[in-house]
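One structure follows; several queries about it will come next.
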Amino acid sequence: MPDWLDLDAQRRLVEACRSWRGYRRTRLPNGGVMSVRTVCLGWHWYPYRYSKVTDDGSPVLPFPSWLGDLGRRAVLDAYGSSSYEPDIALVNFYDSAAKMGMHQDKDEASLEPVVSLSLGDACVFRFGNTSDRGRPYTDVDLRSGDLFVFGGESRLAFHGVPRVSPGTADPELGLAGRLNITLRVSGFPRN
């Protein structure tokens, strides 16, 4: 959904993202390090699992209720349903060289939709099939303020970001680079 967030809403989200501490580059099980920097809210994502503590043993940052409200509004606009109860946010910062390889969001116990909010520089979002990382896939240009929701049969589609387009953000946003906020429902017991 193009331009789902107006500039004021985008600015508020950018300020919130700046206030969350603990952005890190995730080390993958194969030893590689992701090029994006990530901070987690509600549950801390390690490759292929979640925890309530971060890499350094600190408690994960809380998931704010206002972000849940935003997620419900997104799912309502996309699917006409407002029963969405996200409890995880993964906030990824992409500098001009960062990418995200094709992957599935399948570490959650729930298959409720994934809500993706784009802020800052535009990117190519590659949305694929559910069986493997290869074709067929569709490249979609996502700009600041765009909403992308995938649920139902597409919930386990492979997806990634092969490139960011530096310098494409509205200068009034005050952000060099790209922020992506993904909201998910863990399906885990609430503590």
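Cβ atoms are placed via backbone N, Cα and C, with glycine included.
Pasting the feature list from TrEMBL:
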| type | residues | note |
| --- | --- | --- |
| BINDING | His103, Asp105, His159 | Fe cation binding site |
| DOMAIN | 85-187 | domain 'Fe2OG dioxygenase' |
Counting Cβ atoms within 10 Å across all protein chains shown, which of the binding-site residues His103, Asp105, His159 comes out on top?
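Of His103, Asp105, His159, the one with the most crowded Cβ is His159.
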Show, in sequence order, which residues other than His103, Asp105, His159 on the same chain lie with their Cβ within 8 Å of the centre of the Cβ atoms of the Fe cation site.
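For the Fe cation site, the extra neighbours are Met102, Gln104, Lys106, Val114, Ala157, Phe158, Gly160.
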If you run the three-state DSSP split on His103 (Fe cation binding site), which class comes out?
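DSSP assigns His103 (Fe cation binding site) to strand.
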Go ahead and report the DSSP secondary structure tallies for the domain 'Fe2OG dioxygenase' (85-187): helix first, then strand, then coil.
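Per-class counts: 6 helix, 47 strand, 50 coil.
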Express the predicted model's confidence over the domain 'Fe2OG dioxygenase' (85-187) as a mean pLDDT, rounded to an integer.
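Summarising the domain 'Fe2OG dioxygenase' (85-187) by its mean pLDDT gives 94.
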